[in-house]
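Trainee: The structure that follows is given in the form of structure tokens.
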């Protein structure tokens, strides 16, 4: 709708300006602007001496505010951050909002909820995050109530390079509908680059709620003051200077593990033990050169990166902005549509899912253009189908109390051969081969409330962290040493060889000597004829370990999810079953209760 001068208080120039501006605004921006103008109007009336009551007496009565419950299931903190942001924006729009982790929400309260927003990630092979497990199980069980009076919407987070993309969100969405719920707005599935789709989802939610008469069209006036403040974040990373970059493994090791120390001086960034650091890496320039050569593209050609119109030379864009080392089914589908390649279309034909899965595994963009190209498309067309470079999350290996203005990382270099070529981890090999002291890395802190030391410093802790999984426990120990925590601490560490792969060995020995660490058990799998892993050491001490659990100890696991964390989980169940004289079902309930009490926490990948 065009604003006309004849039916408005604006002159011709003002009307033209507004007609150019309004179509470019999103729904949430319009809502914010409405609240801002309302606040300005009230302020002007008060400054002129007009009582606020007189102003409100002439205004129409605001719509009755309705309650909205926002539940999140989050493993690394992304879903939690989006849920909290949604809560703030809803409050500014006049809603009464409760934001909660699914693990803290009492399922028997669900029947009382009128408007429900679900923000949830998918973990591992299509599984819910740890703090969503109990709610997911309840909702899919026999005790789930009928929800005919519920209105809901789901924001699903995932990674399209995995087979079960956004599976948990899809399951919540389907189940809530089966129980009688009606959608406020359609489910939105987000890939790694989730900012824009998440914002569009929230716009749809606000529109749906407001159309139902649930909230005011304007946010609270306080929103008007929330401008001009900027902090370093995932969308505005801080360039941290590299202070140290050392190889932790000894000569002759099969592994290369980097200890990287970064300066946070001047950033204002803070973190707690258990948090992660997001790092935006760059692609290997050699791989980019091969890709440019294969496609016969001009490296200096200017390409547009985003809807905002930011531009870069093609080579720079491929190095720093786009993901080129991972193939996904959506990427293949877009490439087939863009290029019209018959062979690629044949690969993607219905019923050919297993072949697609096999092709994607271990291949990158260079493989795609070599196998099915070169494509007769422009560089701009091709980069438009690529995902933005995702950040890599690393468990922080330091305590801010012990290392002011610094953050330390423990990064395992990834190298392997596949499909006739050497493959390299994007971020890990940047750190191993190209990153020097004095260089900078774009970083941000990812807070993780699902992996935190006990509030009571006297609570015993049991830590299981083989390989680079040791990182957060170095942070835990530094923090406990700084604060003088007196609770018992037991560490299980494992790797290949004692001589070359005992990461931070001297530090662990000093903590043992000083009493900061009570016990440490290690497993070096290649030093014995029969491979020994951390779960074997746990079984050897099953009676004492169960005693610690009975005393209220908190258990922390960090590292590989697919094998190690799965095996350790089953070992814990075995120990509880054996030492507690329980059935398997009782042991599972015991561990689930620990998880509910935040005494069983995992940082797995």
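Note that Cβ sites are derived from N, Cα and C of the backbone, with glycine treated the same way.
Not measured: the values here are computed from a predicted model.
Pulled from Swiss-Prot, these are the listed features:
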{"type": "BINDING", "residues": "74-78, 121-126, 154-185", "note": "FMN binding site"}
{"type": "BINDING", "residues": "392, 393, 394, 395", "note": "FAD binding site"}
{"type": "BINDING", "residues": "495, 525, 526, 527, 528, 529, 530, 531, 532, 533", "note": "NADP(+) binding site"}
{"type": "DOMAIN", "residues": "68-206", "note": "domain 'Flavodoxin-like'"}
{"type": "DOMAIN", "residues": "235-454", "note": "domain 'FAD-binding FR-type'"}
{"type": "REGION", "residues": "213-234", "note": "region 'Disordered'"}
Trainee: By a simple count, how many Cβ atoms lie within 10 Å of the Cβ of residue 122 (FMN binding site), its own Cβ left out?
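Mentor: A 10 Å sphere around the Cβ of residue 122 (FMN binding site) contains 27 other Cβ atoms.
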Trainee: Taking the Cα atoms as reference points, how far is residue 161 (FMN binding site) from residue 495 (NADP(+) binding site) in Å?
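Mentor: It is 29 Å, counting Cα to Cα.
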Trainee: Tell me the coarse DSSP state (helix, strand, coil) of residue 167 (FMN binding site).
Mentor: helix
Trainee: Around residue 495 (NADP(+) binding site), how many other CB atoms lie within 10 A of its CB?
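Mentor: Its Cβ has 26 other Cβ atoms within 10 Å.
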Trainee: Express the distance between the Cα positions of residue 532 (NADP(+) binding site) and residue 74 (FMN binding site) as a whole number of Å.
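Mentor: That separation, Cα to Cα, works out to 32 Å.
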Trainee: How big is the Cα-to-Cα gap, in Å, between residue 179 (FMN binding site) and residue 528 (NADP(+) binding site)?
Mentor: 55
Trainee: If you average the pLDDT over the domain 'Flavodoxin-like' (68-206), what number do you get?
Mentor: 94
Trainee: Rounded to a whole number, how many Å is the Cα of residue 167 (FMN binding site) away from the Cα of residue 526 (NADP(+) binding site)?
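Mentor: Given the Cα positions, residue 167 (FMN binding site) is 38 Å from residue 526 (NADP(+) binding site).
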Trainee: Under the DSSP assignment, what numbers of helix, strand and coil residues are found in the domain 'Flavodoxin-like' (68-206)?
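Mentor: Counting residues per DSSP class in the domain 'Flavodoxin-like' (68-206), I get 58 helix, 33 strand, 48 coil.
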Trainee: Around the Cβ of residue 161 (FMN binding site), how many other Cβ atoms lie within 10 Å? Please give the count over every shown protein chain.
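Mentor: So the number of other Cβ atoms within 10 Å of residue 161 (FMN binding site) is 19.
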Trainee: Who sits close to residue 392 (FAD binding site): which same-chain residues at least 6 apart have their Cβ under 8 Å from its Cβ?
Mentor: 278, 279, 280, 281, 426, 427
Trainee: Identify, in sequence order, the residues in the chain of residue 173 (FMN binding site) that are 6 or more apart from it along the sequence and have a CB within less than 8 Å of its CB; answer 'none' if there are none.
Mentor: 118, 154, 156, 187
Trainee: At a 10 A cut-off on CB-CB distances, which of the binding-site residues 155, 179 has the highest count?
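Mentor: Selected residue: 155.
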